[in-house]
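Visitor: Quick one: the structure is below, and I'll ask about it shortly.
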Amino acid sequence: MAVAEIFLTAFITVLFEKLASVNVIELARSEGIDSQLNKWNKTLSQIQAVLADAGQKQIRERAVQLWLHDLQCLAYDIDDLLDDLATEAMRRQLNEESYASTSTSTSTSTGKVLKIMPTCCTNFTPHTIMYGGQMSSKLDEITTKLHDLVEEKNILGLNVNVERSNGGKSRRSEETSLVDESIIVGREGDKEALLDILLVNEAYHQNVSIVCIVGLGGIGKTTIAQVLYNEEKVKDHFELMSWVCVSEEFDVFNISKAIYKDVGGDNKKFETLNQLHEALKEKLSKKRFLFVLDDVWNENYKEWELLQRPFLVGATGSKIIVTTRKTKVTSVMDSVKAYPLEVLSNEAALSLFAQHALGEQNFDKHPTLKLHGEGIVYKCGRLPLALMTLGRVLRKRENDEEWKELLNNEIWNLPNESQILPALRLSYYDLPLHLKQLFAYCCLFPKDYVFDKNELVLLWMAEGFLQESNANKAMESFGREYFEELKSRSFFQHLANDESRYTMHGLINDLAMSVAGEFFFRSDDKMDNKASEKFHHFSFIRQHYGVYRKFKALQRATRLRTFLSISLSNRVGSWGSFFLSNKVLVELLPQLRFIRVLSLTDYSIKEVPQSIGCFKHMRYLNFSRTDITCLPNQVSDLYNLQSLLVCGCNELESLPDSFVKLINLRHLDISDTRLLNKIPLGIGRLTSLQTLSKVIIEEANGFKISELKGLLHLRGQLYIKGLHNVRDGVEAKEADIQQKKGLDDLEMEWTNNFDVSRNEMNEYEVLEGLMPHSNLKNLKICFYGGTKFPSWVGNISFFGLTHFTLHGCRSCTYLPTLGHLRSLRKLFVEGMNGVKTMGSELLGPSNSCLGIAFPSLEVLEFKDMQSWEKWSTGGTIGSFPCLREISLVNCPKLAEVKIDLIPSLRILYIGGCSEEVLRSMVGVSSSILRLTMWDIKRLTQLHGEVSKQLEALEDLHITSCNELRYLWESDSEACKFLVSLRKLEVKFCKKLVSSGKKEVDSRVSMESIREVIFHGCEGLERYYCPNSMQRLKILKCPLMTLLTFPEPQDVPSTLKFLSIDKCENLEESWLLNNFLSSLEILIIWSCANLRSRSFSEGCFVHLTTLQIWNCDNIESIPDEGFGFLPLFCLRYLRIYKCKNLKSFPHEHLQSLTSLEDMWIHDCPSMSYSFPCGSWPPNLRSLRIGCLSKAMSEWGQQNYPTSLVELYLYGGKNSGVVSFAKPEDVRNSNNTTSSSFLLPPSLTSLEIKGFMDVESVSKGLQHLICLEKLHIASCPKLRDLPEKLLPSLSALSVRNCQKLEKKCRGGKAKYWPIISQIPLLTIYGS
């Protein structure tokens, strides 16, 4: 149920602020409409006064519900109109300023005439006269609607100033301390962790410590507290115990009284709190107690301080367990330990659900229901309360359809929802008014969406949810605070392994959907045309092809404010390019004149339409990571624009010159725009800017660094390019970088051209003048031409610096001292060609009082250091205590490495260095897990002294080591030292002969190895596969002749994946080894020696994937094995370019129920018996053609209805001249036909190489599901299926000369239709 009156209360408050705007009032007076606006103010006050009563009555009175709906619609209209007035006031103000500046350059006589004219007269333009008329009619319309709503309010009997209820908020049912522990699942670890905390007598400054269990509603906080409370060890440990269910009302007297009774107090009546506390204090004195305060919401420190006064006399080790949803409670109560309770593991959640749904511990007896059960567990986000509730809904029901129905239903529509969402809704009702609408807005984002806090704040601001009421505090600051408050109440949670991003629990997302109401819509491809009229906020999950029909219904949503494309790129399967129908940009969007938020990120959009200038309400415009080359000048007419985001637009070359008109612009993100090399003049006057990610300093009359001076509020990232154009240090200081406290990421770049024009001293002074504030977190200095660095670089005052990069500073002969940067985690040094030695100066003095060097450094990289010869740490013990990764890349002269041991080192990259460097670096740690090396000079094999250091090594990657002949002396030696090696990858080592220099002893095997890859090793002759191998891949090793596997009777077979590619000389016997019987994936490409006799009958019975390409000597594939008989387990079958292959077990295709993807093409010797009309029943994708049997002779094929992708390759002798209509085939008895019938289930079709086909206009018309059509090399083809074209998401026409002429260019026959297809490709021959 949407809580309409809550939204309206907040909305109307904003309307009052806008009505009071000075600019709006002045414009209203000049237009003579101020009296009407005053009436609105009074009328809205009357309406606001009855909202609380309306909120209570709407639950049972439909008429009140409709009244609130109409009021909400009207509130949006009023807001739009007031925004229109404010925008017009801005436009006139800008025109006046422009007029005034122009008039100063006119002649004196003209200036005198202008001064005589009153200012108001300059506004009497055709636009202003027309504007006044338009506004008058709109005002009258809204005034009438307001009057009607007031009349209706009176009829409905809505009362003034009724105390607001909690919107149906009911007190949570009181929980006791009793619990049935037998039904609790998956909390063993939490129980033990909390017991450790409870039973330890910590030496705190107070006798009593508080343990807060924090988490979502329904996650099990109370349950774990009950378990702890009833644990025998706990009862034995504490002398006194009490359980109090506190809930929303934190009543100090009642809580104290409940505790008093639990610890043995009598029923004495206390007149005052003081009397009660004195009695309680006496009971607790010198006693060790445990109290549980369940479900605490209180954030008032004074109330908590008052409650806990009697507790202070307890004995040491006394504990208070608090369960709460709000992390703020933990700080208010001075919690020593906050314990965040997480959702259950998948396994535990599934078990809990099975218990409540089936009365079983698991799904072992109900395998058909398990898949639905897993889906329901995912839907519930592993939240125990939801699992138990839905489990009881399904109790003892074992009908598959009932489970499926529940899985596909929305949470708030489910039976017994009364327990799930209301449990969470309590958290929503507890929110302050301003947070409720911010939370509801999150319904536009799908489940599993990864939130960026700053991005969400910009959207909230654009929607008008954040108001700058405090002149000293920006809207963004309020937004960030509000986000943190929502996070503290468990509405957001940190993404695992990424503290900078956030997720929302699935049921919290459901809650947002349930409270947001009908004005918000998140598209799931099921848009109701009629309902779309109500939409004001619209989002959709970006798909690869955005066809117009999916958005067409929005033509009715004329008041739409939000058009937001959502990326799920953080989820599996969301990658690649995205295409949007041009019709959305050109036809739909111009109709949506009230848009405030427009985001079309990641689409392959090449041009922003000029109609963008009509969106005068626009606040947020995001074209990031698109293919746009420029922004049209009309963007500068968006006076309300706050955020303009075009980051990652690699083709963007220019911005509008009139940017200075964007007086409300606060965020301009132009990061990662490599072709953008000019910044519009006047940006320095946009003093509200907080984000300006990039500036380019120019010569002469271009952008000057001094323009940054007035931008006092800059935050986040700033990339200053072209610093060689700064005249001197004085000019650099004018930028006032040090005063920009919000900057945390600063990149400074000079030109990479080190010619005679460079002035070392000047550049030193410029860098000195650009000293940033000490709040900086990330610093990058590129192509600096000075010989030394200013003292601020590396200064200890930069206490928060975590990332530092020095790149291409070729003139510097030494590095600055950086070892005392306490927070530095990543250091990158690249292209410092002047540095020859590196010693203790980098670390700092060893006797320094500042402690050990680089205390936090985790990643260290040196790259392209052409003159570097020596690296020494000078015996500085204890440096780099956290360093886990080192990279030394392309340091050809580095010969001496003397650094102290680094026990924390786990990852080592060595490339373009000598073997001596490799040997030295391997010796600094015995804990290296991953070693990657390439182009190591003089490395012929890994000698014993190197291998001995690599006992912990798990991953070894060797690339382009052209002197390497053997990996190690022998496999037996490798087994002795490389005891942990799991993955070995060797690429492009041209002289490598084999893994070991000595002959292989088949009795010795590397037991730890799981995966081996050899790629492009042209000299590799042999390899013995260890018996523990799971994945083996050998590519482009043309001299390889011998591949040996263990005998299966000696060891069990473990190999699952085998790929052999372009090993032309590999003898054929390798395939006959029974060790391969466990294979699931077999890929063989371009193996000339492979013949049919290489395959033994009945082998590879477990195959799920079989790929054989370009193996000319194979004539047949056996009936048994190869994923066919007896298990029929093949899922992917691909046979391609095997010119002598005559047969494969095609008669078994119908039995391959798992086969989804099949390629059989370019096999010209294939038996005439294939294809025979029988296909795998669940086949989804088929590529076929260029077989010996002409396609015209195939007859009817009976493709399964599951087939959605079909790729047809005609070749020279297909015999097909057209594609048939279904009725033609039904009326024909011919087994052969020059027409070919396509299956109607197709969504994707490719037709290639049909030399005689002239028409597809009729033969494709029955493909009503078709989305993608690709046509190539059909020289006679002259038409397209015209009726299908509007529904296509992708069309490709290649090398079809006659058809191309009808598709390319504005006057071409098909261009008006196909130009709207999201992905359109027309290529000529």
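Cβ atoms are placed via backbone N, Cα and C, with glycine included.
The feature domain 'Disease resistance N-terminal' is assigned by TrEMBL to 11-98. As annotated by TrEMBL, domain 'NB-ARC' applies to 190-358. The feature domain 'Disease resistance protein winged helix' is assigned by TrEMBL to 444-512. Under the heading domain 'R13L1/DRL21-like LRR repeat region', TrEMBL lists 705-832. According to TrEMBL, the domain 'Disease resistance protein At4g27190-like leucine-rich repeats' annotation covers 1072-1171. Under the heading signal peptide, TrEMBL lists 1-21.
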Visitor: Under 8 Å, at least three CB pairs between the domain 'Disease resistance N-terminal' (11-98) and the domain 'Disease resistance protein winged helix' (444-512) (pairs 6 or more apart)?
Guide: yes
Visitor: Averaging the per-residue pLDDT over the domain 'Disease resistance N-terminal' (11-98), what integer do you get?
Guide: 87
Visitor: Treating G and I as helix alongside H, and B as strand alongside E, what does DSSP give for the domain 'R13L1/DRL21-like LRR repeat region' (705-832) in helix, strand and coil?
Guide: 26 helix, 30 strand, 72 coil
Visitor: For a three-state summary based on DSSP, what are the helix, strand and coil counts in the domain 'Disease resistance N-terminal' (11-98)?
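Guide: Final tally across the stretch: 79 helix, 0 strand, 9 coil.
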Visitor: By DSSP assignment, list the helix, strand and coil residue numbers for the domain 'Disease resistance protein winged helix' (444-512), in that order.
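Guide: Final tally across the stretch: 32 helix, 11 strand, 26 coil.
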Visitor: For the domain 'Disease resistance protein At4g27190-like leucine-rich repeats' (1072-1171), what does DSSP give as the number of helix, strand and coil residues?
Guide: 15 helix, 26 strand, 59 coil
